[in-house]
Amino acid sequence: MDPAKFSRKLWSARKQLILMLAPLLLLPLLFVVPPKEGKCLYVVLLMAVYWCTEALPLAVTAMLPVCLFPTMGILPSKKVCPQYFLETNFLFLSGLVMASAIEEWGLHRRIALRVLKIVGVKPAWLILGMMITSSFLSMWLSNTATTAMMLPIANAILESLFGNLETLKENCKHRSDPEGDSQVKMHVLPCEKQMLTTENNRPDWTDRSERKTLDKVRREAEYQMKVWKGFLICIPYAASIGGTATLTGTAPNLILVGQLKSYFPECDLINFGSWFVFAFPLMLLFLILGWIWIAFLYGGLNTRLCISKHDEREAAEAKARAVIDEDYKKLGPIKFAEGSIAFFFIIFAILLFTRDPKFVTGWSVFFTKGYVSDAVTGVIIISILFFFPSQRPSLLWWFDSRASNAPYVPLLSWRKAQECVPWNIILLLGGGFAMAKGCEESGLAVWIGNHLQPLAQVPPAVAVILITAFIACFTEFASNTATIIIFLPVIAELAIRVKVNPLYFMIPATIGCSYAFMLPVSTPPNSIAFASGHLMVKDMVKTGFVMNILGILCVSLAMNTWGIHMFNLHIYPDWARPLNDSSATVATHTIAAMNMTG
């Protein structure tokens, strides 16, 4: 068989081959590693391979612990299954339901257009407005939904600013040489197009003037094309950055909380409020630096971007402003449903933030200690959405015999929630918690920690940079949720081994999982932007490489400044000691008992 054809057949059957070969190739682990740890490592690596290659759907791979842990003697079923619906999952579910209600009534679109009206239509400021809006929305909506909603708005504005994209691309290809001049199609500037159709016996000075005009048009088209790319690329990046600011913004944040409760039950430092206080300034810092880099790379932070000039751009900018104003007017006045959703959304955020923010006393003190969590708060608010009316209620309805008797429509129906909530992510979270429980119970985490002892020589501040960089690179090729599920137990054990506060390593790893900017396949938002057909892989690599470096430096700065004071990262906490000292404690008690017996 022709090698090229055979390789194509292999590629088309790659998922089936991975499904069959991965379990076989990993079998030696069962004989090299100690029995129970080896079995758990076998399952963990098998899931890692399936997650990274997507040989199985991510949610199906996440359910493998339900069948493999009990049958291989790693963990009984009664301990595995509850991991799939911990309170962390309910907090995430409440965030997803709230997001679906916001999307149902179009509140997110009103917020987006309002921000764009405020920032104006200069390209740099529009890029900033796009990034601010995308990051804010992705704090509450999914990153994917935010990107899918913002890209059409961006395209409409860009078309009003620069005209037809295909014409823009065509003008970028030509040069000011005579052969190129004969091919240019001037759809944007009709007066110059007319100059091209004059007779061929023009004087030399006319040819030179024409070439200068064409060269100017080409340079302008290249500039506009760069700005267009900047618009498209800033939206998915800002969505990924914004998701790190809240616990419900992205799945890895909640996986951190769930695994902390599994490994360190006494650790209560991370909740919605404390995470927001730490992560929101970090998000703002990274967003500003990212905006400066993107605006510089795709057009330049100069007078042509930021300061009004009396030239041909003013008409285009006025048209773009008119497009934004027109779209906003089409929304009409704020409806009762929109106002209600906005009210419950604000209450949702305030209650989560003030439950137990750590730096002040929260409202949870009015209840029995340890009984009320963020999940309770979230479920209370979203439950109201399913019966609160979407139309303004009126007492006159009861006395008006001619009024319609149609049943009222609530703010959110269960059918809508079923359609909008990505239930597979709930299973993915559960799979991560089940894997973490298996690593803990089987002793695999301790076994891995024993082999990480050489890393104790690395200064903790350097280790933070290395961990964030490694995770950010790995998540370019794998799901961020799968990445943090795989590595968080290892990172926690590393922190214990080197006697460093586990949060000092685990928080940067969690945030670094969201910093996947270099490839279209890194995140769904990147894929959506790339699918528009106007970006090339080299555009994302060039922009994303510097974005990754900026993100790593921002995380390191945050951890070593306000993070240290917020979470007491400079001390090795008591809540982390039991896991590290348990074996030594048992050994001490055994020796003491033997001495007493002797």
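Keep in mind that glycine also has a Cβ here, set from the backbone N, Cα and C atoms.
Automatic, uncurated: that is what TrEMBL annotation is.
These features come from TrEMBL:
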TRANSMEM  16-33  transmembrane segment
TRANSMEM  84-102  transmembrane segment
TRANSMEM  123-141  transmembrane segment
TRANSMEM  231-255  transmembrane segment
TRANSMEM  275-299  transmembrane segment
TRANSMEM  336-354  transmembrane segment
TRANSMEM  366-388  transmembrane segment
TRANSMEM  421-438  transmembrane segment
TRANSMEM  458-491  transmembrane segment
TRANSMEM  503-523  transmembrane segment
TRANSMEM  543-562  transmembrane segment
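Here the listed stretches are 84-102, 231-255, 543-562, and the one with the most C-beta pairs under 8 angstroms to the transmembrane segment (421-438) is 84-102. Non-local neighbours of the transmembrane segment (543-562) in the same chain are 233, 237, 241, 278, 281-282, 285-286, 289-290, 293-294, 297, 461, 464-465, 468-469, 472-473, 504, 507-508, 511-512, 515-519, 522, 569; each lies 6+ residues outside the stretch with a CB under 8 Å from one of its CB atoms. Take the transmembrane segment (336-354) and the stretches 275-299, 366-388, 503-523: counting Cβ pairs under 8 Å, 366-388 has the most. Comparison of 16-33, 84-102, 123-141, 503-523 by number of C-beta pairs under 8 angstroms to the transmembrane segment (275-299) places 123-141 first. For the transmembrane segment (366-388), the partner stretch with the highest count of Cβ pairs under 8 angstroms, out of 16-33, 84-102, 123-141, is 84-102. Listed as Cβ neighbours of the transmembrane segment (123-141) (distance under 8 Å, sequence separation of 6 or more from its ends, same chain) are residues 95, 98-99, 102-103, 108, 111-112, 115-116, 147, 149-150, 154, 157, 161, 227, 230-231, 234-243, 245-246, 248-250, 283, 287, 290-291, 294-295, 298-299, 301, 305-306, 320, 345, 349.
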